[in-house]
Amino acid sequence: MAAAAPGALGALRTGRVRLVAACCARLGPAAWARGTAPRRGYSSEVKTEDELRVRHLEEENRGIVVLGINRAYGKNALSKNLLKMLSKAVDALKSDKKVRTIIIRSEVPGIFCAGADLKERAKMHSSEVGPFVSKIRSVINDIANLPVPTIAAIDGLALGGGLELALACDIRVAASSAKMGLVETKLAIIPGGGGTQRLPRAIGMSLAKELIFSARVLDGQEAKAVGLISHVLEQNQEGDAAYRKALDLAREFLPQGPVAMRVAKLAINQGMEVDLVTGLAIEEACYAQTISTKDRLEGLLAFKEKRPPRYKGE
């Protein structure tokens, strides 16, 4: 194969440098210092009629935030109001330094999220449908871009936009009785909340096409077999087996360095979208952001003194 021209190689290297710089520019110590406190209005005590319950767990679970979808009468379908509440919650959480892990679950037994609210959509003019789907995509993208680990606890039905919501999370766990699928082709449309892009990245292109083309619905065991979820649990009497597993995972994350967790997520996410050489450069740049942190020094000191580290996210 003919060698590339020097100018082309230079342009490629320049492009990689710019990409790495763009990925890591916001990771300096000053960025962590700017983290703000949670916005008012989100606490562990939320009115039961609210469609989204935001709970900041306390004591040994401090740092874990649970977003509980609570729209039983609509099977947790994504309505305009629920999207507005999700957007507001995510906007508040993304800049909160105290947040370490976010769990998305359902407060409604047997349902995670049934997708877009088709009853609401049926009342829309055709000119409203596009912007509504764009809003779903935007909110799901915001969830995917949260800087801390996110876990979807799927204890029930997750169809269409509901599965797309779960696909935006870093880790997915489900009960064996849960049902998951991108079923939009049954309605003569396609997944519009990122499903055509995130499902192939999760399970491979060929299988993703098969599932989307057929609108097939998988149970928890089948989803685990194809790599759609990380863990499958037998459902318990309370109907929250997946949530309990998600909580166990979140507790495993809590002792780790907060800055390191955020930077690791960024390095993985950005690196997966580029070639290996560029990905390694992103890793190097991200690693460099941890060197000057107080947490790194605390980790070394704790190791020397044979005690658990006390990380502050600095």
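One-based numbering along the chain as shown.
Any Cβ shown, glycine's included, is placed from N, Cα and C.
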Can you dig through Swiss-Prot and tell me which residue of LYS80, LYS84, LYS224 is labelled N6-succinyllysine?
LYS84
Candidates are LYS88, LYS94, LYS209; I want to know which one Swiss-Prot annotates as N6-acetyllysine.
LYS88
Annotation N6-succinyllysine per Swiss-Prot: which of the candidates LYS47, LYS75, LYS294, LYS306 has it?
LYS75
Residue from LYS98, LYS123 to which Swiss-Prot assigns N6-succinyllysine:
LYS123
Among the modified residues LYS88, LYS135, LYS179, LYS186, LYS304, which residue has its Cβ surrounded by the fewest other Cβ atoms within 10 Å?
LYS304
In the structure shown, which of the modified residues LYS75, LYS119 has the fewest other Cβ atoms within 10 Å?
LYS119
Looking only at the region 'RNA-binding' (80-94), how are its residues distributed among DSSP helix, strand and coil?
14 helix, 0 strand, 1 coil
List every residue in the same chain as LYS84 (N6-succinyllysine), at least 6 positions away in sequence, whose Cβ is under 8 Å from its Cβ.
none
Express the distance between the Cα positions of LYS123 (N6-succinyllysine) and LYS135 (N6-succinyllysine) as a whole number of Å.
17
